[in-house]
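Enquirer: Not my notes, these are from TrEMBL:
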- B:14-208: domain 'Succinylglutamate desuccinylase/Aspartoacylase catalytic' (DOMAIN)
- B:23, B:26, B:118: Zn(2+) binding site (BINDING)
- B:65, B:180, B:290: N-acetyl-L-aspartate binding site (BINDING)
- B:72, B:73, B:166, B:167, B:168, B:169, B:170: substrate binding site (BINDING)
- B:180: active site, proton donor/acceptor (ACT_SITE)
- B:221-300: domain 'AstE/AspA barrel-sandwich hybrid' (DOMAIN)
């Protein structure tokens with residue numbers, strides 16, 4: 001592939017507390033805000049606590065999930081004092097860091113999240129050909145010795161992209177698990193701190209004209225979600241994630257493999273025809289969304305060499 | 001057999017309750033109790049009345065620990081004797097109701113045993129929680145359960161500390177027993193944790209059935225961890241946490257913590273060491289719900305409690 005010249009990544013946003021009980025991001029943002037920039041950083045970074053009310057109450061959200069409020073429709077809907085808090089906040093964040101889709105938007109938005117699932121570190125984005133995001137992923141994979149780093153792709157067009165990271169020209173959620181909600185585990189915090197630092201290092205090197213060699217990145221593209229088995233009348237969950245599947249995020253799931261174990265000891269198996277990669281297995285916040293796990297296809301994506309275009 | 005053998009004759013344990021959802025986001029107990037309300041076959045035992053019960057239904061509905069105040073701290077004498085007026089916190093109303101249904105606390109009419117089912121984000125494994133070192137029935141029961149669960153470990157936590165002891169939901173009964181199984185995130189149901197709790201209860205009910213049938217349980221000893229102290233996180237002048245549980249302490253519930261061992265890691269990478277004079281055994285390490293209660297972990301000391309032989313009293 002030919003080398004690609006790309007605009008510098010001059011404005012970056014680091015956001016935490018988009019879900020108020022995902023604490024590694026909350027504490028990382030608090031620490032960054034304490035050590036205020038002295039204007040000598042090579043790249044301009046804005047650090048934002050996305051959902052301060054939810055952070056204060058240590059809950060995922062106050063009225064509605066903030067990280068589902070960034071579709072074109074929600075961002076342009078009329079708001080009043082009686083609108084849900086998170087809807088008002090999403091429009092505030094869009095004005096601050098966007099507007100989404102415009103030339104004024106930040107160049108890169110990194111949104112910090114935690115999950116109860118055993119995902120390691122994932123960069124979650126809407127594009128499988130965003131060379132900046134893919135190169136940052138490759139950099140983290142190279143440099144982070146003890147944490148698995150993966151690239152997860154949701155194939156959704158920009159207008160329907162619903163999460164905060166879609167506001168930046170480039171963006172991703174940096175998702176790290178496993179960590180219970182409302183808890184901060186030091187190894188998870190350290191991994192997130194390292195991930196953000198490596199991202200900033202890459203951006204600085206990129207902006208100063210470094211050529212980053214192309215190569216390959218494994219991309220996991222979301223295919224479908226699987227809900228828990230539920231009672232047809234009461235809708236109550238009737239089986240738990242099977243012990244063989246629990247904590248096996250990104251281990252290939254074959255047709256016939258155990259998926260759920262009911263309280264009567266019955267094993268329910270994966271009935272799909274295609275072997276797929278499960279992730280977000282048993283994420284606590286997804287029970288109410290009807291998701292026990294998500295399934296992805298993996299493919300190798302070739303990425304070109306990149307260099308910032310200001311250097312000729 | 002020694003002629004001096006002491007057998008304590010105790011009243012039959014005729015009425016037993018199993019509480020789930022005292023905290024609405026601790027899923028094993030909620031799931032077990034709902035399952036047994038639908039179909040009680042598994043928990044039925046000869047001659048025993050066993051009532052599965054959701055203690056905090058509104059918190060369960062919301063999947064949050066509590067609505068207004070922690071139900072598991074609400075069974076104080078003040079709350080239980082509060083007049084029925086409007087504006088009482090939901091959990092105080094609920095405590096009074098539970099006290100009417102399963103108590104009154106401290107009276108002869110109270111339920112004999114209440115098992116209160118909990119989960120924790122801490123790596124405590126299967127833990128039984130006792131409130132008294134002299135309740136022979138409970139000591140013999142936990143001894144029985146521990147033996148039946150072996151080689152799977154069941155730890156016993158004793159909270160008899162005058163300041164740190166609190167007024168639990170289960171304290172309404174003559175013999176209160178807490179079941180705490182972790183690690184499990186709030187709002188999450190893990191199959192292995194669910195099955196551990198289910199198995200503990202099976203053995204507990206077997207014990208009660210055997211006891212009620214007239215079996216004599218010989219004298220025994222029980223290894224317990226006795227609550228000593230609550231350790232908070234280091235905080236700044238605004239009350240914000242400035243450090244996390246150190247990676248060497250994280251997940252090391254029940255393991256010895258010695259003077260000079262790492263305890264906390266500040267956000268800027270500095271290690272804070274444990275300075276206590278004696279070896280302690282920490283538990284409830286990094287429990288999510290305890291951040292607001294100013295507790296990073298609890299220290300305990302190891303102790304061996306002795307229990308007399310017991311037998312059901314003849315009528």
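Each residue, glycine too, has its Cβ placed from N, Cα and C.
TrEMBL does not curate its annotations; it predicts them automatically.
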Enquirer: Taking only the residues in the domain 'AstE/AspA barrel-sandwich hybrid' (B:221-300), give me the average pLDDT of this model.
Expert: 96
Enquirer: Going by DSSP assignments with H, G and I as helix and E and B as strand, what are the residue counts for the domain 'AstE/AspA barrel-sandwich hybrid' (B:221-300)?
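Expert: Within the domain 'AstE/AspA barrel-sandwich hybrid' (B:221-300) the tally stands at 3 helix, 31 strand, 46 coil.
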Enquirer: What is the nearest of the binding-site residues B:23, B:26, B:65, B:180, B:290 to residue B:72 (substrate binding site), using the Cα of each?
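Expert: Minimum Cα distance from residue B:72 (substrate binding site) across B:23, B:26, B:65, B:180, B:290 lands on B:23.
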Enquirer: Between the binding-site residues B:23, B:65, B:73, B:118, B:170, where is the Cβ count within 10 Å the lowest?
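Expert: The binding-site residues B:23, B:65, B:73, B:118, B:170 were compared, and B:73 has the fewest Cβ atoms within 10 Å.
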Enquirer: What's the longest C-alpha separation between any two of B:65, B:180, B:290, the listed N-acetyl-L-aspartate-binding residues, in angstrom?
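Expert: So the binding residues stretch over 15 Å, Cα to Cα.
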Enquirer: What is the one among the binding-site residues B:167, B:169 whose Cβ has the most other Cβ atoms less than or equal to 10 Å away?
Expert: B:169
Enquirer: Distance between residue B:65 (N-acetyl-L-aspartate binding site) and residue B:23 (Zn(2+) binding site) at the Cα atoms, whole Å?
Expert: 4
Enquirer: What is the total of other Cβ atoms whose distance to the Cβ of residue B:72 (substrate binding site) is within 10 Å?
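Expert: The answer is 25 other Cβ atoms.
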Enquirer: For residue B:166 (substrate binding site) and residue B:290 (N-acetyl-L-aspartate binding site), what Cα-Cα distance in Å is obtained after rounding to a whole number?
Expert: 14
Enquirer: By a 10 A CB contact count over all chains shown, which of the binding-site residues listed here is most packed: B:26, B:180?
Expert: B:26
